[in-house]
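Scroll down for the structure; my scribbles are underneath it.
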Amino acid sequence: SEAKLKEAAKETLKTTTDPLEKLRSHCLSQGYSGLLSLGRLFRRLDKDRSWTLSKEELSRGVGQFGLDLSDGDINKLFSSFEKDGQSGINYEEFLESLRPEMTEPRKKAVEAAFKHLDKTGDGVVGLEDIKGKYSAKTHPKVVKGEATEDEILKKFLNMFETNTSVDGKVTKKEFFDYYSGLSKAIDEDEYFVSMVNIMWXX
């Protein structure tokens with residue numbers, strides 16, 4: 001469950017000394033959409049659309065995200081992603097390394113769900129398309145009678161509305177950012193894959 005995911009991440013945050021693991025745990029302690037929020041923050045800091053962040057921007061972004069890292073930790077993070085001849089770090093690569101690993105069957109299920117939504121094949125889907133295809137009937141809270149399908153849909157759309165870099169649109173990377181957080185909370189591949197398939201009526 002999301003609550004267990006948050007708790008486990010908070011515990012890791014207390015014990016780990018690795019700055020990348022600290023940031024990953026901090027993302028997961030925010031729930032399924034933590035990585036999505038961080039991605040949005042980085043994309044907003046990238047005013048000149050260079051897809052890179054300077055050390056100062058990285059430090060500011062991490063601070064705004066609510067994680068207090070030392071200068072030493074920021075330097076370590078930055079230097080591990082810095083490439084020769086680049087003036088900053090590529091934050092898409094950085095976010096990719098923060099994503100909890102997904103197994104092949106899970107990646108394929110998320111990939112297929114996105115393809116199902118992305119009719120034009122341009123790697124971007126509108127929130128209206130998501131609204132028309134998303135099914136919340138197997139959502140744990142709906143199954144337990146704690147929420148209606150409509151409430152879950154609104155919450156799901158709201159999460160993407162507040163965390164995407166382009167208003168009203170969701171990129172493939174943002175879609176994967178969300179599902180990698182959700183995947184971390186589910187042990188069995190089979191359950192995850194069937195849930196994604198039912199969610200998007202695939």
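Positions of Cβ are set from backbone N, Cα and C atoms, glycine also.
Here Swiss-Prot flags Ser1 as N-acetylserine, drawing on experimental evidence. Neighbour density for Ser1 (N-acetylserine): within 10 A of its CB lie 9 other CB atoms from the protein chains shown. According to its DSSP assignment, Ser1 (N-acetylserine) is coil.
The domain 'EF-hand 1' annotation in Swiss-Prot covers 33-68. Sequence-distant contacts of the domain 'EF-hand 1' (33-68) (same chain, at least 6 residues past either end, Cβ-Cβ under 8 Å): 22-23, 26-27, 74-75, 77-78, 86-92, 94-95, 98-99, 159-160, 162-165, 173-174, 177-178, 180-181.
Annotation source Swiss-Prot lists domain 'EF-hand 2' at 69-104. According to DSSP, the domain 'EF-hand 2' (69-104) comprises 20 helix, 2 strand, 14 coil.
Within the same chain, no residue at least six positions away from Asp84 (Ca(2+) 1 binding site) has a Cβ under 8 Å of its Cβ. Summarising the annotation, Swiss-Prot assigns Ca(2+) 1 binding site to Asp84, Glu93.
The domain 'EF-hand 3' feature in Swiss-Prot is assigned to 105-140. Looking at the domain 'EF-hand 3' (105-140) alone, the prediction's average pLDDT is 90.
A coil conformation is recorded for Asp122 (Ca(2+) 2 binding site) in the three-state DSSP classification, outside any helix or strand. Long-range C-beta contacts of Asp122 (Ca(2+) 2 binding site), restricted to its own chain and to partners at least six residues apart, with a cutoff below 8 Å, are absent. The Ca(2+) 2 binding site annotation in Swiss-Prot covers Asp118, Asp122, Asp129 and is backed by a curator's inference.
Annotation comment: Swiss-Prot describes 148-185 as domain 'EF-hand 4', evidence class sequence analysis.
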Proximal but sequence-remote residues of the same chain as Glu93 (Ca(2+) 1 binding site) (Cβ under 8 Å, at least 6 apart): Phe81
Asp118 (Ca(2+) 2 binding site) versus Ser1 (N-acetylserine) - Cα distance in angstrom: 29
Residue distribution over DSSP helix, strand and coil in the domain 'EF-hand 1' (33-68): 22 helix, 2 strand, 12 coil
